[in-house]
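Trainee: What follows is a single structure, and I will ask about it in a moment.
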Amino acid sequence: MESNIVEISTDEETGSREDGRFNSITRFNQIAPTTTTRVDAAQLNYRSRTVGSFAGRLATVLFFTHLLAAVILIIYLAARGLPSRHPSFHQAYWFPPLLTSAAASLPFAVLWLLIALRHPTKALRAALWLAPILSCGVAVLLLADENGYSLAVAVLFLVLALVLSLYCCWITRRLHHAEEVLSAAGAAVRPTLALAKYLVLALLAGVLYFFFWTLGAGGAAASASRFVPLYAVLLLLNLAWTMQALRYTVHVAVARTAYARLASGAEAQPTAAIFDTAAIFDTAAARLVLGEVLYGAAVVPAAALARGASQTMGQVVRDSDEFLFSCTICFEEVAERMVALGNRWGLVYVGAQGKGLGRSSVEVWELFAKQGMERLIELDLTGAFCFLCGVASGSVAAVAAGAWVLVSHKGHVADATAYAFFVGYFMTRIAMAWPQACVAAYHVVFAENPANNEMGSCLRERLTQLNSISTR
């Protein structure tokens, strides 16, 4: 049987400066690279020589160890705290709001996904408006509680609303390109029953785990121990890593399908990835990919956060004294190194070729440098769009749960509101991994072969526009 062969070109010239850092301002070029490699559609299937990194294997051990420890902690907190009859805690006013908000987060997450796939322009603009408004609504609700702890959490939500408002005003000039990329990339992956099944399973797994998780959160809230803040932090860290793992399983499955479709026109089957339950235990390649996903769930958000913080610091201390400027440059270099070793674009190769995340991230980042795409990637709004969708859904869940607890029983309003916000946020982020993976695959395939007819012209036009701006 004949295989579909695609000629892919890459440039010999690097896009780095003498200090080893990528030049993200002046390098927008090389739409016609020189070196040639080949991507066969058959190579998109997992092979026996799938590469797994030590970090991935270590992440697998750490994840399941931490999951076991979390289960033990939740059972301990539930057994110790729930029967204690604390005067400020009533189970009838705690569990129904949280469980209802978690269940309601499912249709909200699916709704965001459907709107993003069918009407990306409307979804993007709705997220920009709703996220700051709804987060401000959460702050108003908490202020009505007249409690010191609620006041502190309300201040955090007010700051979040203010920052999001300023950010949404700042990125308005980039909306047109973001809408084009979302439309073009989303069209690359036709919704199938298999992908829909894996997405629904991931969402259901997240909700069911949160149902169990609330037992520990309720036990901590009912406890009079001085370690309650520590318990809350540990529970939130466990929830974050677990939900991120579910999110990146969806990301890898969709990215694999999008990469196959864009690179060679093939239709990759997501069941070849880690999402077939039997394959997790029967296929060595699937176990390796699972390890990379768990590793990415811990590393990729941290790298993205470090990069965002470094960019913010760069804007703030640009004209400050030399010492602060040198510290900022050092932090920027560390953040860039973290992103180069672990980023969501590297997860495309994890899903499509079964490589380790570190190796995949380095290869993808080098591709971006060779094609002069660093500035384009830096200005990409897909991650911000998905974050805003998560904040909007989380705020809806927080308002629903917080208002319920506030009206029925004024106790632990801030706790219930915060926990409901997190579950609403993570449910939507799991669903929105679909368009984010499509855009990541779109960027990677374009970097491999800018002349690919499947890609359209939006990225070429954007590169030309950025190049013209940088040369002024």
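Cβ coordinates are placed from backbone N, Cα and C, and glycine is handled just like the others.
Quick caveat, the model's predicted, so the values are computed rather than measured.
Heads up, here are the entries from TrEMBL:
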type	residues	note
TRANSMEM	54-79	transmembrane segment
TRANSMEM	91-114	transmembrane segment
TRANSMEM	126-144	transmembrane segment
TRANSMEM	150-172	transmembrane segment
TRANSMEM	193-215	transmembrane segment
TRANSMEM	227-246	transmembrane segment
TRANSMEM	381-407	transmembrane segment
TRANSMEM	419-445	transmembrane segment
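I'd like to know what surrounds each of these features in this structure.
Mentor: Residues 212-213, 215-220, 223, 231, 234-235, 238, 241-242, 245, 287-288, 290-292, 294-295, 297-299, 356-358 of the same chain sit 6 or more residues outside the transmembrane segment (54-79) yet have a Cβ under 8 Å from a Cβ within it.
Only residues 6 or more beyond the boundaries of the transmembrane segment (126-144), in the same chain, are considered here, and those with a CB under 8 A from a CB of the stretch are 115, 150-151, 153-155, 157-158, 160-162, 164-165, 168, 175, 385, 388-389, 391-392, 395-396, 398-399, 402-403, 406, 413-414, 417, 421.
Within the same chain, residues 128-129, 131-133, 135-136, 138-140, 142-143, 381, 384, 388, 391, 413-414, 417-418 sit at least 6 positions outside the transmembrane segment (150-172) and bring their C-beta atoms closer than 8 Å to a C-beta of that stretch.
Beyond the transmembrane segment (193-215), the same-chain residues lying 6 or more positions past its ends with a Cβ under 8 Å from any Cβ of the stretch are 74-75, 77-78, 82, 94-95, 98-99, 102-103, 105-106, 109-110, 113, 235, 238-239, 242-243, 246-247, 249-250, 253-254, 257, 269-271, 275, 419, 423, 426-427, 430-431, 434.
Nonlocal intrachain contacts for the transmembrane segment (227-246), taken as residues 6+ away from its ends with a CB within less than 8 angstroms of a stretch CB, comprise 63, 66-67, 70, 73-74, 77, 202, 205-206, 209-210, 213, 216-217, 220-221, 293-294, 297-298, 301, 415, 422-423, 426, 429-430.
Same-chain residues lying 6 or more positions outside the transmembrane segment (381-407) and placing a CB less than 8 Å from one of its CB atoms are 93-94, 96-98, 100-102, 104-105, 108-109, 112, 116, 123-124, 126-128, 130-131, 134-135, 137-138, 141-142, 144-145, 160, 164, 167-168, 171, 174-175, 177-178, 181-182, 304, 344, 413, 416-429, 432-433, 435-436, 439-440.
Beyond its flanks by at least six residues, the transmembrane segment (419-445) meets 97-98, 101-102, 105-106, 108-110, 112-113, 116-117, 120, 138, 181-182, 184-186, 188-189, 195, 199, 202-203, 206-207, 210, 214, 217, 236, 239-240, 243-244, 246-248, 250-255, 258-259, 262-263, 344-345, 347-349, 352, 364, 367-368, 373, 376-377, 380, 382-383, 385-387, 389-398, 400-402, 452, 454-455, 459 of its own chain at Cβ-Cβ distances under 8 Å.
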